[in-house]
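K.L.:
Here's a structure for you.
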Amino acid sequence: MGSLLSSHFEGLITTIVGYILLAMTLILCHGLAALVRFQRSRRLLGVCYIVVKVSLLVVVEIGVFPLICGWWLDICSLEMFDASLKDRELSFKSAPGTTMFLHWLVGMVYVFYFASFILLLREVLRPGVLWFLRNLNDPDFNPVQEMIHLPIYRHLRRFILSVVVFGSIVLLMLWLPIRLIKLLLPTFLPYNVMLYSDAPVSELSLELLLLQVVLPALLEQGHTRQWLKGLVRAWTVSAGYLLDLHSYLLGEQEDNDANQPVNNNNNNNPPPGHHNNNNNPAPAVGEGLHAAHQAILQQGGPVGFQPYHRPLRFPFRIVLLIAFMCITLLVASLVCLTLPVFTGRWLMSFWTGNSKIHELYTAACGLYVCWLSIRGVTVLLAWMPQGRTVILHKVQEWTLMILKTLVVALLVAGVIPLLLGLLFELVIVAPLRVPLDQTPLFYPWQDWALGVLHAKIIAAITLMGPQWWLKTVIEQVYANGIRNIDLQFIIRKLAAPVISVLLLSLCVPYVIAAGVVPAVGVTPEMEILMQRRIYPFLLMVVSLIGILSFQIRQFKRLYEHIKNDKYLVGQRLVNYERKAGRASSVPPPNPVAE
């Protein structure tokens with residue numbers, strides 16, 4: 001048992017310890033080579049040490065750090081799901097690899113969205129405010145070069161600082177809101193999450209609903225990002241004017257657009273209280289660490305750093321700004337954890353009663369209702385100044401567009417994934433999982449969920465593949481968008497051909513197995529065997545035909561290539577006659593023609 005427990009982290013810990021020991025050995029050998037003046041061996045050992053150092057840092061940055069974030073997120077959210085550390089320990093003992101991978105995946109998602117939010121902040125704030133965070137959009141930023149040049153203790157300090165920052169944000173936006181929710185709303189938590197169930201709707205369907213439908217629609221659309229950017233800007237303006245930090249947060253470019261030429265002419269004599277380093281690479285002593293950092297960066301490239309006005313009691317105002325930011329994040333987290341779930345529970349209670357539903361469905365339903373409500377309010381506010389006639393006309397257009405979108409969604413996102421998932425179930429899953437003496441059971445919801453995943457994979461492969469009719473149609477539909485949706489084009493060029501192919505793939509084997517084979521007069525066992533194995537058999541036949549046709553085309557191209565290399569000189573065929581008996585009667589070819 002002890003050896004089993006010690007082997008759970010064997011791969012990760014062994015890899016890190018091995019890298020560390022190898023790096024220490026290379027450092028020792030490098031020092032000995034420098035001592036005895038073996039220059040060639042010293043350079044080779046130095047290159048090997050750099051490779052080992054970069055590999056170790058990559059393992060730590062991409063493997064260890066997201067894993068720490070994932071476990072810390074899980075630990076801080078235990079009360080939200082009515083779980084305990086013992087439950088996590090039991091799940092880890094039962095499946096250590098899967099548990100570690102899921103926590104790493106959650107940590108990677110957290111790090112990715114945190115980095116995306118930082119990029120959004122850089123678009124709003126004054127250049128130079130976030131001097132302590134690396135700019136991933138900087139063209140001069142090269143992480144591999146930083147790994148090579150910076151010493152190990154700098155990377156270790158940065159790693160510890162990142163762990164502290166990310167861990168503190170998790171405490172602020174997850175653990176503390178959960179404690180407040182349990183204190184203020186004792187009956188709201190825990191969330192109803194059934195991770196293991198024998199119901200037809202499995203965890204796969206739920207994860208697909210979250211990853212393929214909910215998150216892309218709500219987090220990756222342009223208007224949602226613009227809303228978030230507008231909220232951040234409104235908060236920044238409010239906090240700047242309340243604390244007299246508007247110049248520090250947003251700069252003075254907006255306020256002084258009219259006086260910009262005058263200010264540009266007086267750059268040599270800046271007013272007191274302003275910091276301007278346009279022509280002074282070395283900052284003054286009172287400017288602080290951020291100005292020094294920006295000055296260092298400006299020596300290597302064009303990094304923007306706008307001057308700002310420094311008010312009285314500036315450190316105290318920065319502390320108040322940080323406290324205001326923490327309170328805002330806490331309130332935003334409380335709203336995000338309660339409002340969508342509460343709205344989804346209230347809406348689903350109308351047709352499900354008091355039965356418990358997976359909170360993923362309630363959260364998704366609440367998120368979509370809130371999103372549609374906000375979207376509708378913003379659209380109405382934009383239409384109101386145009387008058388009642390324009391509003392009625394817009395409502396008619398949007399009603400027609402919504403009806404077309406529903407028809408397209410029913411065909412493209414409903415029927416096609418369902419047929420595709422059912423075909424995959426008949427071809428792959430049922431022959432592998434269900435014996436011949438048992439009857440397979442099909443669940444339409446789960447087949448649809450599998451079909452959504454396969455449809456997205458097929459669409460991605462099609463868009464990355466060669467130019468053919470399906471790729472052209474998909475690109476045309478994507479270019480038109482929802483506003484200019486062409487229902488006739490989509491049905492005629494996309495939905496009808498794909499549904500016809502899928503229906504033929506489903507119906508033709510069934511007609512052969514259930515109609516033609518019994519008419520021949522075979523035994524019942526052979527009928528069952530044909531009904532259960534005809535789908536993978538026909539798939540194998542079609543695959544073999546496709547492979548053979550592809551190989552025949554390749555051999556033809558190879559034959560033409562060899563023939564042209566051997567007999568084609570310039571644009572004239574020499575020493576090549578198709579029929580020897582007619583050599584004398586064939587006129588010489590045209591030098592211009594191929």
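Including glycine, each Cβ sits where the backbone N, Cα and C put it.
TrEMBL entries are annotated by machine, without manual review.
Feature list, courtesy of TrEMBL:
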- 12-35: transmembrane segment (TRANSMEM)
- 47-73: transmembrane segment (TRANSMEM)
- 101-121: transmembrane segment (TRANSMEM)
- 159-181: transmembrane segment (TRANSMEM)
- 201-219: transmembrane segment (TRANSMEM)
- 256-284: region 'Disordered' (REGION)
- 261-284: compositional bias 'Low complexity' (COMPBIAS)
- 318-340: transmembrane segment (TRANSMEM)
- 360-384: transmembrane segment (TRANSMEM)
- 390-563: domain 'E3 ubiquitin-protein ligase MARCHF6-like C-terminal' (DOMAIN)
- 405-428: transmembrane segment (TRANSMEM)
- 448-470: transmembrane segment (TRANSMEM)
- 490-513: transmembrane segment (TRANSMEM)
- 533-552: transmembrane segment (TRANSMEM)
K.L.:
Could you pull out which residues elsewhere in the chain have a CB under 8 Å from any CB of the transmembrane segment (533-552), counting only those six or more residues past its ends?
P.N.:
423, 426-428, 431, 508-509, 512-513
K.L.:
Which one of these stretches, 12-35, 47-73, 159-181, 318-340, has the most C-beta pairs shorter than 8 Å to the transmembrane segment (360-384)?
P.N.:
318-340
K.L.:
Could you pull the average pLDDT for the domain 'E3 ubiquitin-protein ligase MARCHF6-like C-terminal' (390-563)?
P.N.:
85
